[in-house]
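Worksheet: the structure to be examined is printed underneath.
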Amino acid sequence: MAQWIFRLKGCLGSKVYSEVPDGGWGWIVAVAFFLVEMFTYGVIKSFGIFLKDLMSDFEESNSRVSWIISICVFVMTFTAPLSSVLSNRFGFQPVVMLGGFLISLGTISTAFTSSINQMYLSIGIVTGLGYCLTFLPTVTILSQYFSKRRSVVTAMASTGESFAIFAFAPAFTALKNCIGWRYTMVVIGTLQGIIIVCGALLCPIVIKPKTSPTETEQKITYSLPEEQMQGSVCSGDSGVQSLDELERSLKFRKEQEEAEPLQILPKQQDTTSKNKLLDLTVLKEGSFLCYSAFGLFATLGFFAPQLYVVELSASLGTERDKAAYMLSTMAIAEIFGRLSIGWVLNWGHFRKIFVLLVCVSLMCLVLLLFTVVNGFWGLAVCCVLYGFLLGNIASTHIPMLAEDDVVGIQRMPLAVGVYVCIQSFAGLAGPPLGGVLVDITQKYSAAFYSCAVGMGLGAVFLGLVRPAKTGHLCTRRNTGWNKPMGEQVAKDKEEFQELDNQDIKS
């Protein structure tokens, strides 16, 4: 028994690499992320099959029942900073396993509820908190295992959500007709226990660069200038003490040069996780603020098609049975969108944030196109375009935080919680805003207009991310010329180094 536990601990312990592996145990993490996507977002998007049953059993209105998912999504996104704090304090594995337990507990307990208010607690709060503790840590550690293939692997793994819509909706509908919605909830909660196993597979990654002691000693010996060696003897100081100090200095510089190109620094990561559990300093960076504003406004454009496309299609004369195929069309196109954007970003010929900007701009145009087309085929084309672009954006906007244009891979685990928390407000306000506009205008196209405006504002802020990062948005006047802050800081560093070298020589 002890030997088995030792082997299990070695298998699920930290994975040590000399550089970012772009594979290895990362493929296991990718499969775990695929399953997490299936049993989190896949279940959330399939929950609509229970709406009529809940309305009839509890004698509640459609809006009251719809608040179950709204509360769940809000809790999942608003508590994202808590996920970051716990992950940085205790690690990814225990946090995701705890989240999987809460998801199963909340879903199974729903079968024993007697009012809609109790479901607000079980599904909305308990399960929503579990979703928060599982999704963000999984996508974060997946980004750490990959560098060159990060985009394509993340895109492929994120298709679990789309595949789940195809598999779960008909399967749960058939199961509900056989055993009822309460026992179906028990089955779903039991299946969601797979997330606990997925959490155990999220082994932390440690990067230790290969160093040769012989080469280090030779480099230190040959790098000593002759006049410095003579000065150590002629000066009043002890020659051994001077050589030791210089040796430590050169060794420190060599370690810095070797560790600089690496994506993950174990010592720095450990120190950061101990001293700073939640990185709120990212709110001082213009690039992160612009990117968060993009996420806030773009989220407004994600809800209208799924909620209102069937009703919009029916209002234009399409039969309701055919109108239901619009959602299936979106899901199919979303799969291709997630896969294609991964290959494009992995190609490496275009800056990733610019590719995302093009997708967001096209999404704004497609949302406007929904309001002018007529007939089944016109809406079907819009659904294909929307689903494809939705797959592009949904699979890249969170991993994009790992790019240097935003915050970088080292600060992503600390910043992702803040980013998703900011998004939560748009997720909570978006559906009610669209509903109010539809009630006022009596036209479903009004909801699409509001989404197009939000997506357009998101595109504007996304276009400002890189200028804010490079310093072109923040300039100061120096000797009659406006220079970016980044260039000025680099110039100051060079001048300081020159003065330091002069002091050493003197």
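Easy rule for this one: first residue shown is 1, then count along the chain.
Cβ atoms are placed via backbone N, Cα and C, with glycine included.
The annotation transmembrane segment is assigned in TrEMBL to 24-44 (among others).
The domain 'Major facilitator superfamily (MFS) profile' annotation in TrEMBL covers 26-470.
The transmembrane segment annotation in TrEMBL covers 64-83 (among others).
Taken from TrEMBL, the feature transmembrane segment covers 95-113 (among others). Remote same-chain residues near the transmembrane segment (95-113) are listed as 36, 39-40, 43, 83, 86-87, 119, 122-123, 125-134, 137-138, 182-183, 185-186, 188-190, 192-200, 202 (criterion: CB distance under 8 Å, separation of at least six residues from the stretch ends).
According to TrEMBL, the transmembrane segment annotation covers 119-142 (among others).
Residues or ranges marked as transmembrane segment by TrEMBL: 154-175 (among others).
The transmembrane segment annotation in TrEMBL covers 181-207 (among others). Same-chain residues lying 6+ beyond the ends of the transmembrane segment (181-207) with a Cβ under 8 Å from its Cβ atoms: 12-21, 25, 28-29, 31-33, 35-36, 39-40, 43, 50, 53-54, 57, 91-101, 103-108, 110-112, 134, 137-138, 141, 144-145, 172, 175, 262-266.
According to TrEMBL, the feature transmembrane segment maps to 288-308 (among others).
Proximity of distant same-chain residues to the transmembrane segment (323-341), defined by a Cβ-Cβ separation under 8 Å and at least 6 residues beyond the stretch ends, is recorded for 151, 155-156, 158-159, 162-163, 165-166, 305-306, 309-310, 313-314, 355, 359, 376, 379-380, 383-392, 394-396. The annotation transmembrane segment is assigned in TrEMBL to 323-341 (among others).
The transmembrane segment feature in TrEMBL is assigned to 353-370 (among others).
What TrEMBL lists as transmembrane segment is 376-394 (among others). Under 8 Å from some Cβ of the transmembrane segment (376-394) lie the Cβ atoms of residues 158, 162, 298, 302, 305, 309, 312-313, 316, 318, 322-323, 325-326, 329-341, 356, 359-360, 362-363, 366-367, 369-370, all in the same chain and six or more residues away from its ends.
Annotated transmembrane segment per TrEMBL: 414-434 (among others), in sequence order.
Residues 287, 290-291, 293-305, 307-308, 312, 353, 356-357, 360-361, 363-364, 367-368, 370-371, 405-406, 426, 430, 433-435, 437-438, 440, 473 of the same chain, all 6+ positions outside the transmembrane segment (446-465), place their C-beta atoms under 8 angstroms from a C-beta of that stretch. If you look up TrEMBL, you'll see 446-465 (among others) marked as transmembrane segment.
Taken together, the residues of the domain 'Major facilitator superfamily (MFS) profile' (26-470) have an average pLDDT of 79.
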